[in-house]
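Among the features that TrEMBL reports, pyridoxal 5'-phosphate binding site is placed at Gly108, Ala109, Phe141, Asp226, Glu227, Val228, Gln229, Thr284. According to TrEMBL, the N(2)-acetyl-L-ornithine binding site annotation covers Arg144, Thr283. If you look up TrEMBL, you'll see Lys255 marked as N6-(pyridoxal phosphate)lysine.
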Amino acid sequence: MSVQHDPVQRADFDQVMVPNYAPAAFIPVRGAGSRVWDQSGRELIDFAGGIAVNVLGHAHPALVKALTEQANTLWHVSNVFTNEPALRLAKKLVDATFAERVFFCNSGAEANEAAFKLARRVAHDKFGPEKCEIIAAVNSFHGRTLFTVSVGGQPKYSDGFGPKIQGISHVPFNDLEALKAAISDKTCAVVLEPIQGEGGVLPIDLAYLQGARELCNQHDALLVLDEVQTGMGRSGSLFAYQHYGVTPDILTSAKSLGGGFPIGAMLTTSELAKHLVVGTHGTTYGGNPLACAVGEAVIDVINTPEVLAGVQAKHQRFKSKLEQIGQQYDLFGEVRGLGLLIGCVLADAWKGKAKMLLDAAAAEGLMVLQAGPDVVRFAPSLVVEDADIDEGLARFERAVIKLTQA
Ligand SMILES: *Cc1c(COP(=O)(O)O)cnc(C)c1O
């Protein structure tokens, strides 16, 4: 039995939606693996992955199974009661990381909001109200709530909404001297992305991350790593901090954690977690059984040597072809990133034209992302087939050729 829906078109977006997004002209209606079909039946290859979310592509059988089984079992009980999927996923995250405690929520912004509140709470409890300052990086991105845009280092997202959260400063990324100059005993947390995602797919320098860890230790400040974009296998390690070998005090995850089902998590130690006593923080949907059942299936599939090694191999496959395209058409200055979070920095002649490349790629049947105006970003499924990589990059090259001939 199928329900009859009224037909809708892209034009309806402008009639009924708040205009804060400008979606593409086509509407995807179905996906399988790394392929997506739009309303007209046109097939596209998906290297955007729902912005680093569809970590196992579309309609992965293990995720569909987990979701449908849970849908037939128990959807929601709230945090007045706990539930089995939440406890199972939390155990798996604890087993796989430095963390001993998990807080579940529904998005990256919410995970960061919890992280920042925890950092302030710990400092408040242990050192008093003066120690409340947060240091973040210029060009960083941590979400769209008022606290998270205030911490994020991009004024275009934080300006124009009245007074911001106080006590936040921004230092240039990968500049240890600047961080050393900014940090003080009033600092409660330093917040960093292992790879600045929205800021241009810019990886952190190992020496900088190590230095930040030491400075935090010296000043009783917490190191918060925002792994909302880099986590859950995307870097080729389960979390990017494991690739770098620098352990944070608090880690946030979302995006790939649910493989397309909304979920976020804040991971920390029991020593820090104990400051969030009953009633200090919460969210109705946090730990929702549907979300956690899917998250559990995601980690089961991803946290295996085969999938993680596959990410490294697929990185090489992307990188060598992208470098060849970059050189052949004088398109890219640099191809950077880890695992399957890859940024192609446009050469001077192409500066500002990332959106044009996205649109040209979509016209050839390929979904890619930008990361600012000067970087084309690839965040495909971690299990994207080699044949799909080759075909997708062939479509990308055709898009580039069309633009060079235009
Ligand atoms: C996407 C992102 C966020 C925000 O996540 P939402 O789920 O959109 O709230 C936070 N931090 C980083 C690094 C991100 O990439």
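For all residues, glycine too, the Cβ spot is worked out from N, Cα and C.
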Item to check | Separation of alpha carbons, the residue listed as 'N6-(pyridoxal phosphate)lysine' and Val228 (pyridoxal 5'-phosphate binding site) (Å) | outcome: 6
Checklist entry - Relative to the Cα of the residue listed as 'N6-(pyridoxal phosphate)lysine', which of the binding-site residues Arg144, Asp226, Thr283 has the closest Cα? => result Asp226
Checklist outcome for this item: Top of the recorded positions Arg144, Lys255 by count of other CB atoms within 10 A is Lys255
Checklist entry - What does DSSP call Asp226 (pyridoxal 5'-phosphate binding site) in the simple three-state scheme? => result strand
Checklist entry - Out of Ala109, Val228, which has the highest number of nearby Cβ atoms, where nearby means within 10 Å of its Cβ, if these are the binding-site residues? => result Val228
Next on the checklist: Tell me the Cα distance separating Arg144 (N(2)-acetyl-L-ornithine binding site) from Gly108 (pyridoxal 5'-phosphate binding site), rounded to the nearest angstrom.
Outcome noted: 9
Next on the checklist: Say we define neighbours as other CB atoms within 10 Å of the CB. Which of the binding-site residues Gln229, Thr283, Thr284 has the fewest?
Outcome noted: Thr284
Checklist entry - Glu227, Thr283, Thr284: which of these binding-site residues put a Cβ within less than 6 Å of any ligand 1 atom? => result none
Checklist outcome for this item: CB contacts under 8 angstroms to Glu227 (pyridoxal 5'-phosphate binding site), restricted to the same chain and 6+ apart in sequence, sorted by sequence, are Glu193, Pro194, Phe239, Ala240, Tyr241, Leu251, Thr252, Ser253
Item to check | Whole-number Å value of the largest CA-CA distance among Gly108, Ala109, Phe141, Asp226, Glu227, Val228, Gln229, Thr284, listed as pyridoxal 5'-phosphate-binding | outcome: 25
